[in-house]
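Record features (Swiss-Prot):
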type    : residues                                        : note
DOMAIN  : 37-193                                          : domain 'SIS'
BINDING : 52, 53, 54, 65, 93, 94, 119, 120, 121, 124, 172 : substrate binding site
BINDING : 61, 65, 172, 180                                : Zn(2+) binding site
């Protein structure tokens with residue numbers, strides 16, 4: 001009944017992954033991001049992650065697997081996803097939704113920390129403001145974007161961009177794969193210290 005649709009969806013997902021994989025710059029960006037994060041942890045820094053909608057879920061997923069565990073038992077790493085409902089509703093109400101992430105970064109970010117901003121379009125105003133706040137604090141910035149990178153293109157120390165121009169779910173599928181690889185590489189870097 002739906003087998004052709006299922007095959008088509010899985011085929012498109014595989015093609016998106018293969019296109020991403022075929023560009024060595026994408027592989028290098030993931031490696032650079034992992035090393036940047038591990039070096040921040042080694043120096044006593046933390047990562048603050050943020051995103052909207054499904055990307056918000058990815059930001060939380062990233063943080064929980066760093067503070068909790070991924071595949072192996074090991075010490076937790078300092079990671080915070082900006083997801084506190086009281087913070088989000090307060091700042092949205094009092095300042096506007098564009099400031100929900102930047103206010104948090106202004107409050108808790110410091111030099112030596114890393115911001116991970118996730119936006120499939122690269123055009124999320126609140127992530128753009130968070131990037132500016134992070135830079136003002138002397139933080140490093142990693143972005144996970146899609147399409148042409150949008151307004152966030154070129155704004156990060158490391159950008160992992162999925163150059164897919166279709167629906168956002170394909171971009172999100174690569175983002176979560178990149179997140180899992182980042183954690184795997186961070187664990188390796190931290191174990192090798």
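Cβ from N, Cα, C; glycine included.
Here the features listed in Swiss-Prot are placed on the structure.
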residue : record                 : Cβ within 10 Å
52      : substrate binding site : 19
54      : substrate binding site : 16
61      : Zn(2+) binding site    : 18
65      : Zn(2+) binding site    : 21
93      : substrate binding site : 9
119     : substrate binding site : 28
121     : substrate binding site : 18
172     : substrate binding site : 22
180     : Zn(2+) binding site    : 15
For the domain 'SIS' (37-193), would you mind checking the mean pLDDT of the predicted model? 97
Quick one: Cα separation, residue 180 (Zn(2+) binding site) versus residue 93 (substrate binding site), in Å? 34
Candidates 52, 54, 93, 121 (binding-site residues) - the one closest to residue 65 (Zn(2+) binding site) by CA: 54
Residue pair residue 54 (substrate binding site), residue 61 (Zn(2+) binding site) - Cα distance, angstrom, rounded: 10
